[in-house]
Amino acid sequence: MSIIMTGGGTGGHLAIIKAVKEQLKGEELIYIGSTTGQDRQWFENDEDFTETYFFDTRGVVNQRGFGKLKSLWMMLQAMMKARKLLKKYDAKVVFSVGGFSSAATAFAAKSASVPLVIHEQNAALGSLNKLLRPYAAAFISSYLEESPIKAYPIKEVFFDNVRVRKNVETIIFLGGSQGAKAINKLALEIAPKLKERGIRIIHQAGEKNIDEVRKDYEDIGIEAEVFGFTTKLADYMKEADLAIARAGASTLWELSATALPTLFIPYPYAVSDHQYYNAQFLVEKDLAWIMREGEIDTQKVLALLGEDLETKSRGLMEIVEKDGSKQIADLLKNYAKS
């Protein structure tokens, strides 16, 4: 008897699987992903999984004409392979986090009558999750009132680093491991004003931009901690008093778990504008700020330094539940036992 975990492509999806699997120690776990995207990089050598499989699949929605047909054919072939694996490992439940790499296994679960539990990480539903939602045994979303579990699966370390913010002594710019040009530009524009106020700068500029951004800071005589990918993100968040960040779901909830007040600048080309709606979920509760990339105003950004951080920080501590990963893991265990 096993629990099958599937989905990914991007770090946001994969972070959910990572958080949940850590609460499933002792269970037989199988991961099925794609050769495209980051799946293999994250889980190929992960010893928590009994076996890992990576099929040749790719997105369908972003393809046209013959490319779409080819993607569908690849998915059909992968689905047949996934069905065999569900039978081989006597799968009792399939946990899907969405993304194109989950499609084959999610459809295999439906065709083989294996319970399908779906986690939707964004406020705007992904195309695949929207399609499969009526067939899911459970559909989990932190943004939906009817969700059986509202808590987002966040790694414990982010809760361990929680603290109430009052004054801005350190600011962190988070553009993700790939970086965000708009956030990099904003950081460098306001850096002199931050220096005048004695505010320390931590800046995730993106792997490809590290050298350029470091030089830009040096050219204007400002010390800043600049990095790309890091395994110490929770520690950096702990040190910061204010964040300026993209609004990917994992980043948003990790910042919230750390009770770090944030100005979100959503990635403007995200599918269904989901980053905007992710951020809006907190903005409507007066727990964050939002600014469209094309409407960035440095004076308004600097004005946030004098805002009431404590109220937002305490508010974040109240709305974020700590045991989302465990709640999902317990649900999967119940299906595995039935």
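In case you wondered, yes, glycine gets a Cβ from its N, Cα and C as well.
According to Swiss-Prot:
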BINDING   THR10, GLY11, GLY12, ASN122, SER177, GLN275  UDP-N-acetyl-alpha-D-glucosamine binding site
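The Cβ of SER177 (UDP-N-acetyl-alpha-D-glucosamine binding site) has 17 neighbouring Cβ atoms from other residues within 10 Å, across all protein chains displayed.
Counting every protein chain shown, the Cβ of GLY11 (UDP-N-acetyl-alpha-D-glucosamine binding site) has 20 other Cβ atoms within 10 Å.
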